[in-house]
Structures are given as structure tokens and as C-alpha cells.
Amino acid sequence: MVTINENYLKLKAGYLFPEIARRVTAFAEANPDAPIIKLGIGDVTEPLPEACRVAMIKAVEEMGDRDSFKGYGPEQGYEFLREKIVRHDFQSRGCDITADEIFISDGSKCDCGNILDIFGHDNTIAVTDPVYPVYVDTNVMAGHTGPAREDGTYEGLIYLPISAENNFTAEIPDYKVDLVYLCFPNNPTGAAATREHLQQWVDYAHTHGSLLLFDAAYEAFITEDDIPHSIYEIPGARDCAIEFRSFSKNAGFTGTRCAFTVVPKTIKVKASDGTDVELHRLWNRRQSTKFNGVSYIVQRGAEAVYTEAGQTQVRKLIRFYLENARIIREKLSEAGIQTYGGVNAPYVWVKTPHGLSSWDFFDKLLHTCNVVGTPGSGFGAAGEGYFRISAFNSRENVETAMQRITEKFKV
Ligand SMILES: *Cc1c(COP(=O)(O)O)cnc(C)c1O
């Protein structure tokens, strides 16, 4: 008899986005002329930078010529891309990372889930609340949790609440946790972490022998000078942190697919027989067994991000989304609504007015302004009373949505 991975049955059946879709569809059917604007999505809207497209077209042509054709590439990614990454993203910021510590992949989401392959099942695991749901659900699937509770949290996971009270940076635990997921700049709250906060985490990891899983997918949105772009800007992080990066949000690769994970060779974990094991070796083995690399064409496209033209175009994209975020912050403030984030991230995290629940605010915004956002409670119990508005949209949609809110939603 075939058995299944019963851990999947523990998953709260993708509640958030289906429920949003259900409510939007019901409203749209009852009000077929309502000009609904969706500011709920975590996907980019603007086209791929020209530099990336030109590089990919050239790569396609190379694939059509017997002499320049490429078959399987190196599982870890082409050196031309890994070299550019380390020089531009790490060494230029004083981070001591080398090209052989970079693993090119088809997405950070995948890497965040796949990384669990190299860990045991007895680790204690901490996530923030609210949280990017991938960290939680992949641990549920791997059997690292108990069942879900009524409020959507899982038994066996440690939730570190983040809210306005702690500047959306978790209080560092005074007990040992083995694996700690951190995401800065943060999805969903849009918060960034200071150097001091990250140093505290690195110190914590050293004290307790913990590993930090640092998701920096929104690194390119950092505008404030003193905010670290990489965990490796923090002394000591090379021994205790894996970093996830992606071309999805900076260069609009959500549909093109390219990302990378940094596993420094200096991270060592003790095996049960007491020997030191390099995580780099395990991840390399995992990737070369279960993954055959990202297409040559896409890696050439990602490489173009690091050209002068690519940098100019990526910066322009980021500025565009951040200007959307600024408009959202400004207009919501005019409407008397408290906002957070949106300065170093494409997300504005809104305190729901009048103590409305996240879902009540969702309904009110949908019904009075025909604007769709994401209820904060969908990202975790501590997100209740908050609401995420995404800056990933056209300027026109953002301006229209905000105009409606300031006009109709005076509080
Ligand atoms: C969008 C996003 C990613 C990127 O995922 P990809 O699979 O590379 O597209 C990673 N982490 C967070 C928190 C994100 O929001």
C-alpha cells in the first residue's frame, strides 16, 4: 500500500490567498463595474531590464551554434555569474565571501525549502510572527512541527513576535534555538534591521551554536546608509549564517527564475559522532544530486544585472517601486492611517485604524475603495491588526488607489 507524507495533511490549506480571491470574486460578481485595484500581490509588475533581455537573446543565439552550444552546466552555477556576484554584492561591501561559496539556483523560495534536506529533524526552529509562510510550511512538510493550532501557528515551532512595539525586529531569545529564520528587509512588514540588531543575532548564534538562515531577497530596496545589505557585513557571520538572495525582486526575475544561496565554507556543524562537517559540502552534494542548474540563458541574463547598463536599469526599477511605496505612505498618513516600512522595502505595513481586525479592514477597503491588500493576520497571529500594501504596481494604479483611500476613507 502506498503511504503518503502525512505532514502535508497538517498544513493549513493555503488559507490566505484563496480567501482573498474568494472575497474579491464575490464582491466583483455583486459589483461587476467596480474598478478593483490589487495592491496585494508580492510579484513585480514592470518589464525585465533591457540589459538582461539583450544578454539572454545573445545567449539564445549561442545555443543555436554548435561551437557555442551549452549542455548541462556546473550544478553550482557558471563561474562568470558567481564571480560577478561575489565582487559586486559581497567583496565591494567588505564581505569575505568567495565565488565557490555561491550556489546559483532557480529561486530563493526553492532554496529556503530545499535547505532543510541537509539538517536533522531534532533542531529547534524559530521564525518571526508575522512571517514569510514558506519558512513555516516547508518545516511542516519536513515533519519538524506538530499539528496546527486554532490560530494557525504550529506546535513545535518557536514564534518570535514582531510588531510596532519592538520596531518589527524580534527580541533575541534568552534560550537556545538551533535554526533561526531572519528576513531583512522584511516581507511582510517592510522593516529593515540595523547593524546592531544583526550583530546581536550573530553573537547569539555564536553563544548557542545556532545557525541563521538569512533571507535578503529585498536587499536592493535598502535606501538608508547604515542598514547592512548582507549578513556577512556583520563580523562573525561567516561561521553561523547562510544567506538567500534572488534576482526576482531587484531585476524582475520572478518569471525568469534565478537566485543564489551563500554557504560559507567556514560553517561547521558537529555530526553525532563528534566530527565537524562543513555545511558547504552537504549543500554541494544535495544540489549536485537533486538539481541540474539554472539555464545558461538565464544565468547570462542575471550576469547582465552587474553591467553598468544593468545596474542603471535595476536602480531605476527599484526607484520606481520605492516611489510607489512613498506615495502609499504619504497618502495613507493623510488619511490618518499609521504606516510602517516602505522605506527599505516594497511593502507598506499598515496599522488598521479604529482597532479593526485585519480582515474587517480588508473588507472595508474592498467595499469602500475597491482596493485589495493583504490582511496581516494571514502572515501570522501577531500580524492581526495590520495590513500589507504592496508597491508592486503601476504608478497609475497606486495613485488612483491612494486617491480613493484619502477621499473615501477619512478616519
Ligand atoms: C519574493 C521573495 C523571495 C524570492 O523568491 P524567488 O523564489 O527567488 O522568486 C524570497 N524570500 C521572500 C521573503 C520573498 O518575498
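Just so it is clear, glycine is given a Cβ too, placed from its N, Cα and C backbone atoms.
Annotated substrate binding site per TrEMBL: TYR15, GLY42, LYS109, TYR132, ASN187, ASN292, ARG388, in sequence order. For TYR15 (substrate binding site), other Cβ atoms within 10 Å of its Cβ number 13.
Taking the domain 'Aminotransferase class I/classII large' (35-405) as a whole, pLDDT averages 97 in the prediction. For 35-405, the entry in TrEMBL reads domain 'Aminotransferase class I/classII large'.
Among the features that TrEMBL reports, pyridoxal 5'-phosphate binding site is placed at TYR72, SER108, LYS109, TYR132, ASN187, TYR218, SER246, PHE247, SER248, ARG257, ASN292. The local packing around SER246 (pyridoxal 5'-phosphate binding site), expressed as other Cβ atoms within 10 Å of its Cβ over all shown chains, amounts to 27.
In sequence order, VAL44, ALA217, TYR218, ALA220, PHE221, PRO346 are the residues of the chain that are 6 or more apart from LYS249 (N6-(pyridoxal phosphate)lysine) and have a CB within less than 8 Å of its CB. Under the heading N6-(pyridoxal phosphate)lysine, TrEMBL lists LYS249.
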In Å, how long is the longest CA to CA span across TYR15, GLY42, LYS109, TYR132, ASN187, ASN292, ARG388, which the record gives as the substrate binders?
-> 36
Sort the binding-site residues TYR15, GLY42, LYS109, ASN292 by C-alpha distance from TYR72 (pyridoxal 5'-phosphate binding site) and give me just the closest.
-> ASN292
Around ligand 1, within a Cβ distance of under 6 Å, which of the binding-site residues TYR15, TYR72, TYR132, ARG388 show up?
-> TYR132
Cα-Cα distance, maximum over TYR72, SER108, LYS109, TYR132, ASN187, TYR218, SER246, PHE247, SER248, ARG257, ASN292, record's pyridoxal 5'-phosphate binders, Å | 34
Please list residues from the chain of ARG388 (substrate binding site) whose Cβ is under 8 angstroms from its Cβ, counting only those at least six apart in sequence.
-> GLY40, PRO188, THR189, TYR347, VAL348, TRP349, VAL350, GLY373, THR374, PRO375, GLY376, PHE379
Could you tell me the C-alpha distance between TYR15 (substrate binding site) and SER246 (pyridoxal 5'-phosphate binding site) in angstrom, no decimals?
-> 26
If you count other Cβ atoms within 10 Å of each one's Cβ, which of the binding-site residues TYR72, TYR132 has the most?
-> TYR132
